[in-house]
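Below you'll find the structure, written out as structure tokens, and then a few comments.
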Amino acid sequence: MHASFPALRLRRTRVAEWSRRLHRETVLTPANLIWPLFIAEGEGVEEPIASLPGVSRWSVDGIVARAKEARDLGIPCVALFPNTPSALRTADGREALNPDNLMCRAIRAIKQAVPEVGILTDVALDPYTAHGHDGLVDDAGYVLNDATVEVLVGQSLNQAAAGADIIAPSDMMDGRIGTIRDALEAAGHINVQIMAYAAKYASAFYGPFRDAVGSRGLLKGDKKTYQMDHANADEALREVAMDLAEGADSVMVKPGLPYLDIIRQVKDAFGVPVFAYQVSGEYAMIEAAAAAGAGDRDALVLETLTAFRRAGCSGVLTYHAAHAARLLGA
Ligand code: PBG
């Protein structure tokens, strides 16, 4: 036995719930949650997503209802993703620039009905392209960087004009944060934030999301020429440094749980607001585990979300947001 025993007993503070609460190092509250929502065309529409059990696409009226639910639960922000009708998907993704596209209609409706809820909008072309890539492709299928950035600027301005509060580029093109920032400033959107999907990995965990936005069947090849290799960490810090230098207000690491080490490194190295995206495949994994009786759903949800806080996150994008907020007693 070590000399410090029995004077030192780490179990002492764990002996009762009041003491465990008193010694808890991190807290999770509804204020730490961002709720991703999928938008469908139509009215009164709810379309369940089979690979994302418990999550549906909602038409704009339903999206507004979800935003009200978020407000009532103390969730500060929702993230919007459109399932663009296939007839509007083109090689150049031009529907992203339409001021009356699904995304802009949802933004305006939320802003009118629930102005106190923040709106984060994804910037990337994959919900709008016929090939499912986040940008413009050349004849060989390579995603063109600089030409794509130009379109992303237009997409960002379109979303900001509709009322988006946080522009969140998820495309992983080089140089897009600074270019978008300059354009937002020039257009007078000085208080529109940018949350950069800074360290976004080419991941096997995005499958159900691609079902949700209707790009899974369309996607040609993979996204490895622009999203990061899952073996890399130093490169994630370079991505974050670059996006911060270009004016990002906050950064995101994505996916979430398999990349807690990256979150911690980013937080320690930069001391900036870091967010994680607990992505669709992670959500599906938790739901599958719970459905199989391999774990208690509520406990899995709270443990994983708290882990993000412990790793250094200011907040988490999670499909469990409303459920978690209820569990937290909102
Ligand atoms: C698209 C985008 C993706 C996600 C968020 N924005 C998918 C992808 O990059 O293919 C994934 C989110 C999730 O899986 O929940 N740019």
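Residue numbers in this text run from 1 along the chain shown.
Using N, Cα and C of the backbone, Cβ positions are placed for all residues, glycine too.
For reference, TrEMBL has these:
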ACT_SITE  K200  active site, schiff-base intermediate with substrate
ACT_SITE  K254  active site, schiff-base intermediate with substrate
BINDING   E239  Mg(2+) binding site
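Spacing of K200 (active site, schiff-base intermediate with substrate) relative to K254 (active site, schiff-base intermediate with substrate) is 5 Å (Cα to Cα, whole number).
DSSP assigns K200 (active site, schiff-base intermediate with substrate) to a strand in the three-state reduction. Look at the active-site residues K200, K254 and count other Cβ atoms within 10 Å of each Cβ; K254 has the fewest. For E239 (Mg(2+) binding site), the same-chain residues that are 6 or more apart in sequence and have a Cβ closer than 8 Å to its Cβ are A198, A199, M228. Reduced to three states, the DSSP call for K254 (active site, schiff-base intermediate with substrate) is strand.
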